[in-house]
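> Sharing a structure below in structure tokens format, with a few things to ask.
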Amino acid sequence: MKSIVFVALFGLALLAVVCSASEDAHKELLKEVVRAMVVDKTDAVQAEERECRWYLGECSQDGDCCKHLQCHSNYEWCIWDGTFSK
């Protein structure tokens, strides 16, 4: 009878350790996924900052805007410059 109780308690302890390890692995996986999402967003923001400003994007001079756009003097955003060429 004592051995059955010992085996049952040992089994429960082993199950608790396995579940705890599984939960830790799940938390680590979740942290990695969230970290990857945050890194992707910061990379996207940096890429946008390196490129030219699109239509109605904030600017301080014409060189900030993309091709066929110019910086509006009053509102400081990129607007169409009136050209059609490629």
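Just so it is clear, glycine is given a Cβ too, placed from its N, Cα and C backbone atoms.
What Swiss-Prot records for Cys52-Cys66, Cys59-Cys71, Cys65-Cys78 is disulfide bond, and it gives similarity to another entry as the kind of evidence. Under the heading signal peptide, Swiss-Prot lists 1-21.
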> Measuring Cα to Cα, how far is Cys71 (disulfide bond) from Cys78 (disulfide bond) in Å?
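Distance (Cα to Cα, whole Å): 5 Å.
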> For Cys66 (disulfide bond) and Cys59 (disulfide bond), determine the Cα separation and express it in whole Å.
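Cys66 (disulfide bond) and Cys59 (disulfide bond) have their Cα atoms 10 Å apart.
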> For each of Cys52, Cys66, Cys78, count the other CB atoms within 10 A of its CB; which of these disulfide-bonded residues has the top count?
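Of Cys52, Cys66, Cys78, the one with the most crowded Cβ is Cys78.
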> How big is the Cα-to-Cα gap, in Å, between Cys59 (disulfide bond) and Cys78 (disulfide bond)?
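Between the alpha carbons of Cys59 (disulfide bond) and Cys78 (disulfide bond) there are 6 Å.
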> Quick check: in three-state DSSP terms, what is Cys78 (disulfide bond)?
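In the DSSP reduction, Cys78 (disulfide bond) maps to strand.
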> Give me the count of other Cβ atoms within 10 A of the Cβ belonging to Cys71 (disulfide bond).
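Its Cβ has 20 other Cβ atoms within 10 Å.
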> Would you kindly give the Cα-Cα distance separating Cys65 (disulfide bond) and Cys52 (disulfide bond), rounded to the nearest Å?
5
